[in-house]
Each structure stands twice: as C-alpha cells, then as structure tokens.
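Okay, structure first, notes after.
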Amino acid sequence: IILCVVKGQVLYSFMLLITEIRSYNCDGALVSTLPSSAFTSSSDFFSTHSPSFAKLNRRDGAGGWSPLDSNEQQWLQVDLGDRVEIVGVATQGRYGSSDWVTSYTLMFSDTGRNWKQYRKDDTVWVFTGNSNADSVVHHKLLHSMKARFLRFIPLKWNVGGHIGLRVEVFGCSYKSDIADFDGRSSLLYRFNQKLMSTFKDVVSLKFKSMQEDGVLFHGEGQRGDYITLELQKGKLSLHINLGDSNLHFTNSHTSITLGSLLDDQHWHSVLIERFNKQVNFTVDKHTQHFRTKGDSDHLDIDYELSFGGIPVPGKPGTFQRKNFHGCIENLYYNGVNIIDLAKRRKPQIYTVGNVTFSCSEPQIVPITFVSSSRSYLLLPGTPQIDGLSVSFQFRTWNKDGLLLSTELSENSGSLLVYLHGGRLTLLIQKMAEDPVEISEGCPDNFTDSQCLNPITAFQGCMRLIFIDNQPKDLILVQQGSLGNFSDLHIDLCDIKDRCLPNYCEHGGKCSQSWTTFYCDCNDTSYTGATCHNSIYEQSCEAYRHQGKTSDFFYIDSDGSGPLGPLRVFCNITEDKIWTAVQHNNTGLTRVQGAGPEKPYTMSFNYNSSSEQLEAVINSAEYCEQEAAYHCKKSRLLNTPNGIPFAWWVGRANEKHLYWGGSLPGIQQCACGLEESCLDMRYFCNCDADREEWTNDTGLLAFKDHLPVTQIVITDTNRSNSEAAWKIGPLRCYGDRQFWNAASFNTEASYLHFPTFHAEVSADISFFFKTTSLSGVFLENLGMKDFIRVEIRSPKEITFSIDVGNGPTEATVQSPTPLNDNQWHYVRAERNLKQTSLQVDNLPKKVLEAPAEGHFRLQLNSQLFVGGTASRQKGFLGCIRSLHLNGQKLDLEERAKMTPGVKPGCPGHCSSYGNLCHNGGKCVEKYNGYSCDCTGSAYEGPYCKEEVSALFEAGTSITYIFQEPYPVTKNTSTSSSAIYADAIMSKENIAFSFLTAHAPSLLLYINTYFHEYLAVILSKNGNLQVRYKLSKDGLLIFTIDSGNFANREMHRVKINREGRELIIQVCHGLFSGPFFCCVADSLTMDPEVSKANAYGFTGCMSSVWYNHIAPLKAALRHPSIAPVTVKGSLTESSCSSLTEADVNTATTIYSSSGTSLQEEKWKLKEYRSVRFPLFFTVMQLNNSTGALTVRQFQQFVYVFQS
C-alpha cells in the first residue's frame, strides 16, 4: 500500500536497507593477526611443529602444527581474544610435507572449558579437509557460531603421513548486552501507564545457566492475565493467560513446553511472537505454533514486567517459582532493549538485588562416557581415612548403568552406586582387600571381584566430581597426570535429546536411550518404527479389494499424511462401492415457528474435520447428498425471483440457494429443471405455498459444494405453516486413485512430477506389472542424495536411498518371477530408524538406520516415474495407485500429455480373476474389474455371498427346463434348439442345507421316462443319493457318517461323469462306481415317497445344477425366470441361523413318533426361528444314464409336504 502512495520514499528506504546490508561484512580473517600465545594444542611433535605455526599460508617453523602422536584425541585450539561471530573456516596441510588432515570437526566455547560441538541438523558436522599439503579448503558455516575459543579436531589424515594443519577463521566482532542474575536478583521494566494492554508482543533473548529451574520473565494483571517464561527441569515452559472479559477466572490458561537439556551452561535463544491468540514459541531451532484459550485477544499487564525472577510474590495468580540463576543476553521486549536501559540506569528499569553486566563463567569440566563397554574414569581416593565422601552430577537417558565402584579400606567390602530401572541403588558387600580406588564406570582390566557390575556400564555425562570433599581437576586427567581413563570425551557433555524434535508421528510417544529413540504407537491408529503407517486402508475400494463385504470401516484418505482416520460405512455391491459418512441428524425433522428474524438453524456434525471430508470427496468420482423439504404453507426458495426462505451451507462456509436435483447457480428445485412443478409459475413445489403437504426432494451432487454443514429455514411462522426437512448422509463412489494407472510403452518414456519432499520420513507404494527383465519404477535425485525403486531382475526388487552417509539398499528376492504380467504390490519406506521394502506378501526386508550421521533426505530434481535421469533403461509395463507419503499422484492425467505413455492399463482380470468365486466371471473395466455372478448360485462383489431361504410347510419351488436361463430370459429359437439337442455326459450339483427333521427329501430330479435322482435324509439322519437310470436298477449311495439332521449347516456336492459318481458332504469325500442295486421300479421307490411325504423343514442355500441356480432365480427374478413358487418363501441367512442359539423343541421323526399335536407344536417352534422347507426334482435320460435336457420334457419339481 505504501509503495502505491509514496513510491519515491519506499524506493529510498529499500536502497538504504541494501546499503546497510552490504556494509555489514562479516567475513574478515580473524587468525592472521593473533599472537602466538593464542594457539594451544593437545601436543606437538617438536618445537618447530608447535601450534603457533598453524596460521594459514605461513611457512614458519616446520610449516604448520603436527602433534606428537597422530590419533583422534589430538586438537588444535585458537583463542580469538573475545567473543566473535564465526562464519567460516579454512585449512591447509603442513607446508611441503605429506602431513595433512582429510576430515575434522569443530568445537567452540566462551571460556576454553565446557566445549560444544558444531552441529548441522542435530548431527555433529564432519568437515572435508585437504587432499595435499598446500591447497586451501574453505567452508562457509550453515549457521554462524558466537564464541571466543575454537578447536579443530582431526578425524582422518593422509594415510602416508601424519596430522598436519594450518588454519584460518573468518568472521567479525560480536557485540551484545549481557546481564548476570545470581538467583536472587531481577530487573523490573515499568510501564508509563498503570495498565499495558497489547494485542501483539515480541520477546527475544538468549540465556545460559547451570540451574534447571528459574523464572526468566513474568508479568500479570489484576484481571487474571499473565505471561511467564521459566526453566522447569531443564526445559522452557511458556505460561500465558489472556483472561476473559466476561468471567474473572476462566479455563483459559495455556502452557507450552519446549527445549531440553537447557541447563548445560551454553547459550540458548528464545523468541516469542504473539498476535491476538496466535503464538509462535521458538527455542533454538525448534518452533511450536499454538493458539491461546479463552475469548480475549489482549494481554493486560499491570505496572511492570519482571526479568530474572518474580521479586514480589503473593499477587493473585503469581507463580511461586525460583528466580533465574545465569546470564541473559540481548533481551528485547517489543523492540525495547531491557539490558541496555538497565546498564544506562534509565528510570524505566528498577534493579532488585545484584545484577551485573558481564557473564560470570563457572569453570566446569564435564565428561562424557561414550562407550557402553569400554568407557571408564579411574580416580585416586584418600587412603587411611575413616569414611568416604563422593559427590557428582550426572545425566543420562539410559535406565541402567554403573555410576561408581570402589573398594573400601581394611577389607571391609566394596561399594557400588548404580542405576537400575531408572532408580538409584547403593550396594555394599564384602570383598577382598585392595587399594582404595574410586571409579565412574568400570575399567577393562579389573576382575569381577574388583569391579562388580550388576547392570551395565554407564553411558552419559558427569560433572562437578568431588572425592572426600575435594574437587577433581579433570583437565589433569586429560593431560595424563591424574588417574586413568578410556573412551571419554573430557571437557564436553555430548548428550543428545533424540526426542527433540519428536520424530514419532501422529501423536506417538517418544522415549529414548543413549543411542536411539523409540515410539509408542498405542492409541494412535498408526504403526511402524515412527508411527508413520496407518493401520487402515485409504478407501472402501481398497477394503473391497481385500475381499471385505459391506460394513463400517475406518478409512485414512491420506494414508501416512496428517489427516486422521474417519469412520464410514462401505456399501460394497456388485455394481458400485459406496462410501457413506453419517452426520448427527439424518432423520426427518419437523420445523414450526421459524421466521426471518428468528430463523431455524441446524448444523451437521460428521464426527470428522472438514479436511477429512474434503479428502474423501476429492478422491471420489461422484458424491451426493439427498436434500428433502416437505412443506405445508412453507416456501422454500421463493422462486422465481424472491429472496429464498431456506438455504444450505456447504464447504468453505458458502451459502447455496439451489436445492437437491438442481444445478449450482440456478435458484431452482428438481421440478424446476424437469418442468414438472405443481404450479408451473414456480420452480419449486413448495414455493406454490399450498395448504396441503408437498415436497421438493433431490440430490445435491456438485462435489465442490459438499458436504452440507448447515440448513436454515425461515418460513414456518405463519398460521398453519409447517415444514419437515431431511439431509441424507454424504455418499460417494469411485476411487479415483486405486485404479489410476499409466502404461509405459518404451524404455525412454517417463512421467515427471515435482520434487518429492520427504526429509525425515518417506513411504512409496504402488502396483506394477511387466514382462520386462529390469527397469526403474521411480527416481528422485539431489546434489548427493537420491531415492530409487527398481526391478533389477525378474525375481528382485530393490529400494535404494542415500541421505549423505552412502547408499543403502533394501532388496527383496521373490521365489517366483515378478515379470509375469500380473499385478504386484510394492511398498518402500524410510525413516530415521529403518529402511524397509515390502513386495506382495513376501517377507519384509528391514535395514536399521545408523544412530549418528546425516538423516535428512535432500532432493532437488524432478521426480521421475517409469524412467530415470541417471540411467538409460526405464520401465516397460504398467504402474498404478502410486502414493508418496499418502499423497496420490495422478498418473493418468500426466500420461495424457506425455509421449510414449498411455493412461490406464488393461488386463486386470488376468491378476484378479481368481477373486471371482463359485462360478462368477471376471469382467474387465477401465478402472478395475467386477465379478459377474449371473451364472453362480452366489452373489455379492466376489460371488461369495450365499443366497438362502427359509421354507415352511407347504412351500415349494418348481423350475422348468424350457431353455437356457441367463440374467434375462433368452427367447432365441436357435439357441433353444441347440440347447435341446445337447447331450450332457456329466452333471454338477451343489447345495447347502440345515434341518432338524428326518426323513426329508432334499433334491429330486425326474424325466418323462421315469428316470430320477433323489437326495434324501433317511429316518436315522443318514444321507442317501438314489439314482434310477433306464437300463439300471435303483442305485443307492449311503453316507452314514452321522446324523445330518442335527441343526448344523451341511454342504453337499454331487459330480457325475459317465459311470463315475463323486459326492462331497461337508469335509468328507466319497467316490466310486455305483455299487448297490435294488430291483427296477417304474415309479418312485418307497423310501423317496416316505421322505417326500414328510417333506423338508429347514434352510437351503446356494443351490446349483450345472449352469442353473433355481433358488437364486426364485428370489431374484421370479417374474422372468421359468420358476414357480408355492407357499411362503422367505429369504434369510442360513449361516446366521447356525450361529444363533436355537432352543427349539423338535426331534427327529421316528416310526414310534409322537402325537400330531406335539409335531405341530414343534413345527411352530421351528417356524419361530424361520427354518425353510425345500424340494427339487430333476430328470435322468431313459437309456444312456447321462443327463439330457429336452425342451418341454425335462423339468424341476418340488413336492409339497
């Protein structure tokens, strides 16, 4: 805005800013002018190799510094004279020699004690050194250091030489305002007025302390407002309460904790930015964004702010806390330099206690026990005294570790202090007499009796070690003149908080040891080493692909992304897979008494966030919500030109003035578009304002406006005016991603997408099919880092990644070729703990990540899919459903504009046809496949759902074989003739039944020539298959393995081919030629007649005869199929009946029997649980024994009970 008004003034200000930046040159050489005394080292080879000769490009002495021994314990130290800002370093080897350093690290300090390692991305940064003695290697630091002392730590050096080093440090002077607080002092910043009310605050400072608790600043008001920043157990806590204009005390208190290990006597930076309720809280490099609670936007502080403590305790709401003990630097409050005002004794600042303006530095020397097996520190005790006193401070993440062991004098025993399960334990026991020694850790050369370690060695830091009330100078230990040690970092606490930041995703709880961190994923809905992977599928389509049937499921639309799972109902049908999201009011709701001044409003709660609903809608092909408005003298949209009396609110809180069945932007209802309204002068039925009930009902189907979040009604306050509304659940179908595919037709073809940004966590998943021997699925490169997934051979998939520590490869070997032109699934994942690769259901390959080193994946090129930027050979085949960190890549859309790549990929049935069961046929679709269950006795998306019914006494089904019966009746004469002449040499019969009655007739087939096949239960419950062929006698096959009338489900399969008959019942298999003959009979034999007389009471399902499903035809197509139903036929689930606790009083019929009255009572009990009755009759050929279908002669008949 200013630029438009005063262009010249802004241009001047801009140029002035650039001039100031250019004049701020912070890259001057800091070492070249230093005196020789500024250089020290761990040792030097000769006086001619002393550290004073280690200036860059100098040839004095031997041409640089070299230590006495070349090992990793050597260092070169530079005293820069004062705290400076260091922005870069440079190194050379020793002049004219074979001595140079190839890699090194840096440490910095304000005092020459308590060093800190230079880190990048929470990793100790290793600088690349020299490749010869005289070339200069420069490094510009990613972030500057403020320090007086700098150490170079050689890690590696020339293999044919020794350590040799010349150095330069680049930077500039550093000016700051410092205040030192002694734990009893503070600075009060007093306002010009009694009350300071702010809607925006900025507080910045740096601090260092050895104390884990203390208030850095505090302010409060009489209305309950306050803001406090304090150290609590080494972490920073920000407490803020903006109060409330209505209530004096409300639940508006907000507390946020950030940082860790902040009591290490190193500088830590703090920045607090508040605008109204939004707060950004930054400690060092870690920022947390949050909103304060309560209704107020202003922070009201009375009189003053206190820094360094709370000098006047006892005010309402005041925190009773310790004052801060340490140093604060560059303290600014809303642009005011508090310390500068205090130094200049300005009246706004009141000093309490002793505040000095230079930082007093305690000379502490921490040590780090690095190794869990080799680290120890051995210190001498005081011999021949009566008693022992040892004190020290320690910190560790490990719950177990030996802290102290010593032999007590006069053979009195040994003393151990150790951590066990996080608890400190003191152990004294009798031991052999030895010299009195005190050790933290356990030396390797000690025997078990000398150094009993009941747990494990200690890993962590110690400082301020006192023995017999005398401090131990650990620098003398480092120099070799006191005690002994192994694998220690002296003058450095190298502890690291691996849970800051928390790399456990989705609310996972982080815990840690010295070497790694762990994630507790309980109650998160996610799994994996970092709680990265959702335990739920991304859509109902994915559940359907797993063979799931209609039910409630949780879906996670963005997989491993930030959105949580959402509970939906998946209506999985043969045609479409619908996803339904319910809200809090899907019923018909009446409204009265609402007017423009007092509108009726209903808001809808979907138990989800708007982002979750948008993700479901955006990933679907089609979405809808039913909108119904029933009215009696209540207008809806007030068409044609009036102001609407009702409207609905959708996505993004937008108000919409069209109704279900209409289109966006058109103020009409469905009848208006169809020109079918009751009164053609209006575009909605309800707008006719009639006294009788009518309605406007239709579907809202414009995805960008859904879901409906609110409905408003304003015309039910007139006499006799009433309305009722209904907004249905959100329903969507079609997963736009699951079948989203691209076909790569040449090895040079590929798709490219924006850079894959996944610095600390990455997952890649997709399906592929190919006939090629090898190829790259996808690749993304950085300057050095890269990520790649490829098929290296027909049986080998490899996931390669490099985050700067060298390539890591996870490879899965398949026992069978993967280039079989079938769909295969690949999922690759990388996080800070693991690299893993999963292919289909093969064992997952998991590689553990290193505990230290680089961990951020830095990519900067485009993402190549189906090809590569680094190799010639791309991928030939199809890739579909590609997800990167839960985000869906639209392969089809990109393929439309890319040569050599086609959208889509045919041939789904070749991979998934086996998912269509029980005679169902796989039907190829552009986006996937479906199962056609027309020729199956089953139904459902995979032809696995049984079609079953309950039959009561007197119920029967007759199916007449006139011609083939598909989904719709085929009346073709030619096909009927062909079918009629066909001689079938085999038959396939299957059905399931459940009953408690015997005898019963289950199945009966007969022909015009008195041939028949019957399946019955005899009176003892045995199953019999009885054949009567024209030239044979009666052939009976009896299965007497138990009583089949036992109220359990039994599956019967009968297969005959020629003279071979195979019968399967449940899990039994019986086969062989017909073996039992009875005298010929031209009529039904007595056993079948007896079974028919009693009928069948029970349940039958999935009845199948060759290509025909008579029960399914009777239930699904009774009007067009050649089927006749007599009596009551009720569809029901036999399997659910088997699970029910059927307590019916019914018994198997016997000849002695019971009275008719008892049998009727038992039948009534059975009817109450709805068991069916089913009889079927089919026919046999009169001469050949093979089944023949003859038009108008062959039929199925069901005898009635």
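Each residue, glycine too, has its Cβ placed from N, Cα and C.
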For the disulfide involving Cys905, grab the partner from Cys878, Cys922, Cys931, Cys933 as TrEMBL records it. Cys878
Set of same-chain residues at least 6 away whose C-beta sits under 8 angstroms from Cys905 (disulfide bond): Ala741, Ala742, Ser743, Lys769, Cys878, Arg880
How about the domain 'Fibrinogen C-terminal' (531-583) with the domain 'EGF-like' (906-944) - do they touch, taking at least 3 C-beta pairs under 8 Å (6 or more apart in sequence) as contact? yes
Composition by DSSP (helix, strand, coil) of residues within the domain 'EGF-like' (495-532): 0 helix, 10 strand, 28 coil
Restricting attention to the domain 'F5/8 type C' (21-172), give the mean pLDDT. 94
